[in-house]
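K.L.:
Below are the features I grabbed from TrEMBL:
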{"type": "DISULFID", "residues": "18-82", "note": "disulfide bond"}
{"type": "DISULFID", "residues": "31-92", "note": "disulfide bond"}
{"type": "DISULFID", "residues": "62-72", "note": "disulfide bond"}
{"type": "DOMAIN", "residues": "1-93", "note": "domain 'SRCR'"}
{"type": "DOMAIN", "residues": "106-150", "note": "domain 'SRCR'"}
């Protein structure tokens, strides 16, 4: 629930947000509103697939400190001339926490440097690997952001 296409409800109907001017401050507001921690990425171009229905918001200009998306400047609540291939997305930390020892809950091992390698996660006092079933670029992006690797 803390990563995906951004959708908003207006007038009882769900619609998407255009990625024009979409950035990390906008995603930060979405993550805060959803209780999903910090924004790790603000992928453009329907990163999580194209939505259906109206594109309600365009040209969002959040400062990143707003409590809700509706408090950000935008071009008005109306269907916008924007294709669903431009639906905005957000990737939030989702409450990812550091281990009790202060170390990260995830790490990459087996390659040169800390920003490449096999993914391992710390759980119940031990390190284990993560299966690659359904693994994709979006998942890797979350890990890279969590590790501060870009």
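Using N, Cα and C of the backbone, Cβ positions are placed for all residues, glycine too.
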K.L.:
Please list, in sequence order, the residues in the chain of residue 72 (disulfide bond) that are at least six apart in sequence and whose C-beta is under 8 Å away from its C-beta.
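P.N.:
Expected: 26, 29, 60, 61, 62, 63, 66.
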K.L.:
Where else in the chain does the domain 'SRCR' (106-150) make close Cβ contacts, counting only residues six or more beyond its ends and a cut-off under 8 Å?
P.N.:
3, 40-41, 43, 47-48, 91, 93, 96, 99
K.L.:
Limited to the domain 'SRCR' (1-93), I'd like the whole-number average of pLDDT.
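P.N.:
Here the mean pLDDT over the domain 'SRCR' (1-93) amounts to 91.
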K.L.:
Over all shown protein chains, what is the count of other CB atoms within 10 A of the CB belonging to residue 82 (disulfide bond)?
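P.N.:
Around the Cβ of residue 82 (disulfide bond), 18 other Cβ atoms lie within 10 Å.
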K.L.:
Near residue 31 (disulfide bond), which residues of its chain come within a Cβ-Cβ distance under 8 Å, counting only those 6 or more away in sequence?
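P.N.:
Residues satisfying the criterion: 2, 37, 38, 39, 90, 92, 93.
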K.L.:
Just to be sure I understand the packing, how many Cβ atoms besides its own are within 10 Å of the Cβ of residue 18 (disulfide bond)?
P.N.:
24
K.L.:
Determine the most Cβ-crowded residue among the disulfide-bonded residues 62, 92, using a 10 Å radius around each Cβ and all protein chains in the structure.
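P.N.:
Neighbour-count leader: 92.
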